[in-house]
Each structure stands twice: as structure tokens, then as C-alpha cells.
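Quick look at what TrEMBL annotates:
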{"type": "DOMAIN", "residues": "1-172", "note": "domain 'PABS'"}
{"type": "ACT_SITE", "residues": "D92", "note": "active site, proton acceptor"}
Amino acid sequence: MISFLPLCCHPNPKKVLIVGGGDGGVAREVVKHPLVEEVHQVEIDDRVVELSKKYLPFMACGFDSPKLKLTIGDGFEYMKQREGEFDVIITDSSDPIGPAESLFQESYFALAKKALRPNGIICSQGGTFWIDMDHIKSTLDHCRKHFPVVGYGVASVPSYPTGQIGFFIASSNENTKLNEPAKTFTDEEIDEMKLRYYTTDIHKAAFTLPRYAAKKLY
């Protein structure tokens, strides 16, 4: 979901940046998208990549794609050097405590905006509104200062606290409708890509929030 929600919000996501995601899972999914030609990934901890290849090969297989170029380094510094370069930027980080805290600040969204091509899309891990509502609201407000279209989507993840995780998604194109995918797939295409969760209907439903959450966040 953190891969295909933003990819399918973009009509032609040729060049993608992944910040974090050292287990390889996001890369594994991003390279499946038929319109994606080039994926750049920046992971700060090479040990995460090393251990994922050893113990999580079913996820780390994403690093094997010829579409992917992996850089070990700091995502902030990487984006500072790449202005107007990416169609989609996906940030697969830990929760906003400690090392990952800066990835949820206004400065990060400003930097991501500059690294995007026109009409670009960003997506970040977004916690859960069941226990992090104030944080989600403040992060969305940070994002709104730099993007005209900002939304919050959700997915069921039993192993995550509360059983649900969310995603901050934003577009620099004011005409983007996040709950209406620009790219749709047939059931046959979904099966060929081995997508076990994402479908066009799931995409649309992801942005439908409980009433109390929608009132707070929007």
C-alpha cells in the first residue's frame, strides 16, 4: 500500500525515490509497477540491508531488480542534491520518535517538494489515528504548507499497534484526486504482479475514514 497508493495516484511514475525501507519490501513492490523505469533508494543503515538479505530474503529480493540503485546515506542530504528529479518519493521510516522524527517535520516536506518533478507525489508512513491523532494532524498541517492536495490513507496491518497503519500522501498537482487512481489494473494484472492486498477498490476505500477522524484531520 505504501508503494501502490502513491504510484497509482500518478499517471506516469517513471522515476521513484525510496527513503528508508532498508528491508527491501517497498523496493520489491515499486519495481512491479509497469510504468516505473528507475528506482533510487537511500537507506542510512547498511546493516539493515545486510541483515534483511540474510534473514528476510522474501522482502530483500527487491534489491535484486535492475531498476533499482541503492545508496547508503542520509535521505535529507541526498534530496538536497537532487532538485526536480523524481515523479514519486516514498518515505518508509520508523515511527516519529528519535532518528526518524525529522522525517515528519515541515522542513522534510519542503525538501521533498523541491526534489519532485512537476505534478509529483509523495507518500510517508503515517502511524495510526487511533492513538496518534494529534501527531497525524500536525504532520498533515506541515504537509499542507507545501502541497495543494494532501490526504491520509489507511491499511489493515495486524502486526502494527491497533491493527491499522496510515500513510501521508500529497500531490503538487492541484487537480489530483487521491481517492481516484490515475492508473488502474485488471484482476489479471493484479495477480501477475502478485499483489496480495492492493486493488483499485482498496485504493478508493483507503481514503474513507471514520467520521470523527475525518472531522479532526480535514
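Glycine is treated like the rest: Cβ placed from N, Cα and C.
Every protein chain shown contributes to the tally, and the Cβ of the residue listed as 'active site, proton acceptor' ends up with 21 other Cβ atoms within 10 Å. The domain 'PABS' (1-172) scores a mean pLDDT of 93 in the predicted structure.
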